[in-house]
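What Swiss-Prot says about this protein:
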DNA_BIND  27-33  DNA-binding region
COMPBIAS  121-138  compositional bias 'Gly residues'
COMPBIAS  197-212  compositional bias 'Gly residues'
COMPBIAS  213-224  compositional bias 'Low complexity'
REGION    1-22  region 'Disordered'
REGION    54-65  region 'Subunit association domain (SAD)'
REGION    121-152  region 'Disordered'
REGION    173-224  region 'Disordered'
Amino acid sequence: MPDSDNESGGPSNAGEYASAREQDRFLPIANVSRIMKRALPANAKISKDAKETVQECVSEFISFITGEASDKCQREKRKTINGDDLLWAMTTLGFEDYIDPLKLYLHKFRELEGEKAIGAAGSGGGGAASSGGSGSGSGSHHHQDASRNNGGYGMYGGGGGMIMMMGQPMYGSPPASSAGYAQPPPPHHHHHQMVMGGKGAYGHGGGGGGGPSPSSGYGRQDRL
């Protein structure tokens, strides 16, 4: 007796696979449902077919707008689609009523991204400042020892806010001092310490705004 479709993995499994591939084109339905519920009273319900309808419409809208923006980038020999390209595409396709609020949103989004980047850079500089401050007390003693011995040298300040205290191990007889004073014999072991701090170590803030990272390419889907 021939196997059924379910047993042989025939049309039934193929249909399920095709349905899964079709769902890959859409936004996750849980996200769509969550957005829809924000516009409804707390006790409102949304049917499954309503969620699926909005899911398909939103996904097609995204493909429609992105495809138009992609054409613009190709004409201008660019590989990265940015927010301004999408706003241009919406205006071209007749969605100009949505442009003003979206421009405000895009401007605010870029401001927040810039503030996040500055805050991250500031927190990193503050950590370097605290570590530099804790090491400066003990480091000053090491620097004094290094200054009294040949081969040791110290650096303070500098444009990048670097504090360096370094001594080199001594081998053989020490060279004569430039001042002509007798030098003590070199120790067998010499301290070697570096304290690195960014500009934040001296109270200077640093940071930079970051724009959206460019994607390596873009795809174009068929539009309705």
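Cβ coordinates are placed from backbone N, Cα and C, and glycine is handled just like the others.
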Just to confirm my parser: what is the rounded mean pLDDT across the DNA-binding region (27-33)? 90
Please list, for the DNA-binding region (27-33), how many residues fall into helix, strand and coil according to DSSP. 5 helix, 0 strand, 2 coil
Secondary structure content of the region 'Subunit association domain (SAD)' (54-65), with strand meaning DSSP E or B: 12 helix, 0 strand, 0 coil
